[in-house]
Amino acid sequence: VAMKPWSMRVWLILAMAAMTAEGGERGAISDGNRGEDIDASRDKDLAASSEAEFRWAQRKDRILLTIDLQGVTNESFSVNEDGIFRFEGTGSYRDRREHVDRYWIELRLHKGLNATDNTCGGLCKDWRLHPRQKTCKTSENASPWETCVIDAEVYNVTHCEVNARDVSCTLMKAKREAYWPHLLKDGKKPKNMHVDWSKWLDEDKDGVRWNDDVDRPWEWWKHDDEDEDEETEDDWKRKEEQKKRFKKQKKQRTGKK
């Protein structure tokens, strides 16, 4: 049966609409599968890698993490205000230098963190501190052997630094408060987590320095502008008198006048 021209147009329009709808449905399914593939790929990468060993210590205002991997490359860090910290990188342990592998850490900390600026005020990129030659400064007309010093401000923000023998991270707490009873939110102690006794400081000593002369707290932040090694005039006179006595005693021993 021959189709009329107007019915042919209607048929073509309906056919094209059906094909468009089918294509959109396939695209939606494809996008959904792509998202699932990305998640599956990430899970596969984590499964193929190993959890890294790390040590931790704390102060009233920060958490100090040290990841015991050397020569770390292709690293990435993630920190958020909910207290979730993630690390991925390729490296090796000191006692197994030839065994270079992919490692990761994912921690849900006891409380939230101050994690609002992943550039550390321009000194970091995605929480990673730029190499020292870009972040540290030397004094004007510095001698060749003078080492550069990183700005003090960077130590008061959340950041991570990749060193030759380890990776160190400073995670600032959301607020200055009493020591946390444990590092992780669930209170567990995984096998790859250890206390960093080399950096640990008891809570009653945090922010306090004890004076040698009297048994009372020395609030060092109130005396930063004082030069403790400054020699007074009385000190100078005392030293000069002591030198004269030594010279006199030496002459008496040697019989010289």
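Quick reminder: no glycine exception, Cβ is built from N, Cα and C everywhere.
Keep in mind that TrEMBL annotations are predicted by a computer and have not been checked by a curator.
According to TrEMBL:
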- 225-234: compositional bias 'Acidic residues' (COMPBIAS)
- 244-257: compositional bias 'Basic residues' (COMPBIAS)
- 49-184: domain 'CS' (DOMAIN)
- 221-257: region 'Disordered' (REGION)
- 1-23: signal peptide (SIGNAL)
Item to check | Within the domain 'CS' (49-184), residues counted as helix, strand or coil by DSSP | outcome: 12 helix, 68 strand, 56 coil
Next on the checklist: Averaging the per-residue pLDDT over the domain 'CS' (49-184), what integer do you get?
Outcome noted: 87
